[in-house]
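According to TrEMBL, the features are:
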DNA_BIND  A:17-56  DNA-binding region
BINDING   A:G91, A:A92, A:G93, A:N94, A:L95, A:G96  NAD(+) binding site
DOMAIN    A:80-181  domain 'CoA-binding'
There are 2 protein chains.
Amino acid sequence: MTKKTIVPMPVIRRLPRYHRYLEELLKNDVKRISSRELSERMGVTASQIRQDLNNYGGFGQQGYGYNVEELYNTLTKILGLDKTYSTIIIGAGNLGQAIANYTNFERTGFSLKGIFDINPRLFGLKIRDIEIMDVETLEDFLSKNKIDIAILCIPKDNSQIMADRLVKAGIKAIWNFSPIDLKVPDDVILENVHLSDSLLTLSYRINEENLLKAKVEEK
Amino acid sequence: MTKKTIVPMPVIRRLPRYHRYLEELLKNDVKRISSRELSERMGVTASQIRQDLNNYGGFGQQGYGYNVEELYNTLTKILGLDKTYSTIIIGAGNLGQAIANYTNFERTGFSLKGIFDINPRLFGLKIRDIEIMDVETLEDFLSKNKIDIAILCIPKDNSQIMADRLVKAGIKAIWNFSPIDLKVPDDVILENVHLSDSLLTLSYRINEENLLKAKVEEK
């Protein structure tokens, strides 16, 4: 399916949020925070935070709470943000361009090395100083450049074929924006951003009360 | 925080995926599917699927499985996709433009009514026939147009202020792309797409094995 994680995914998904909060606290010059305060701000229980962090060793002292900077630095390391990553984007449409321009990436160590598209009119154009290249040259490019993450921003009809090509060319991590559940080997990491799933969750929530009310009335 | 759901969020988040799978099956002219087959394709257990769907009434017959079209139509209704939604986008940068051009939206009943930005050079330009307007006219626009969903595509520094303005102007659902946990009243639905959280999850997963190995060796 995709590479299995050792720590459960729900735990992992909370880590970037902890990291974000601690970054805010650091900016506001907060030196330490109690687990209760941190939990109130984040809307999770204090024991949840403790349990989550215990996967990576012990943090915080009884009666003192967390040293903000220390915990922030540790989370930086846990999230792998003390390293840099080479990335390429497949698909230079609106979304691909938006991702290429997403300023957070460079700042946090994700370095864009190439953008590929199928449309000849885009070849040679530049986004953030990176030239858009013919996707036919992808394999050649990957044989000459060590790329850690491929970002897939193409329509769903072609995305499985493209994922297969990337995997065959040695890519071990895919950030997928296509609205499809890609099939990749067990040693490949697949992280999806399914925008339409998120939007459908929103429309569900707009209607939930009426929906469940109607169900009760039916009975 | 945000409006609480009646059915637990993890269940709700699986519904769009079920819907997507069933759409594929329908396209491939599959008339019915056993819960085991559906579960194998989706990588969740058959009992999970049954439990999830039981929140909304009973589906499927013992020994027959699911009628694909029937279940698809029911999920369409559950997800609120039998209705249409008026949306506006705040922030006409790369991401806002990508969202505006995201073809899936119109198709599934999400109708873009306005795009707002702070940059005067963008005023009057059109994306998909929708004019970019001065964000100063937002409240006036909202007083004259019934908008169901506001899509927030602005930098995080301004997004809480903007969310407050939207809520004050009567917006009840926000689709947030800013990398921040917005504070909204309990009657407002907030759905986040935190791109950087997703990317950080990916970098975590690239490093997990080495990270946890190092931890074991430390002991």
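Quick reminder: no glycine exception, Cβ is built from N, Cα and C everywhere.
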Exercise. Go through the binding-site residues A:G91, A:A92, A:N94, A:L95 for me and flag any whose C-beta is under 8 angstroms from a C-beta on chain B.
Key: A:N94, A:L95
Exercise. Look up A:N94 (NAD(+) binding site) in the DSSP assignment and report helix, strand or coil.
Key: helix
Quiz prompt | Neighbourhood of A:G96 (NAD(+) binding site), C-beta criterion under 8 angstroms, separation at least six | solution = A:I89, A:I90, A:I115, A:D117, A:I151, A:C153, A:I154
Practice problem: Tell me, roughly as an integer, the mean pLDDT over the domain 'CoA-binding' (A:80-181). | Solution: 93
Quiz prompt | binding-site residues compared (A:G91, A:G93) - highest count of Cβ atoms within 10 Å | solution = A:G91
Self-check item: Residues that sit under 8 angstroms from A:L95 (NAD(+) binding site) by C-beta distance, when 6+ apart in the chain
Solution: A:C153, A:F177
Quiz item: Judged by the number of other CB atoms within 10 angstroms, which among A:A92, A:N94 is the least packed of the binding-site residues?
Solution: A:N94
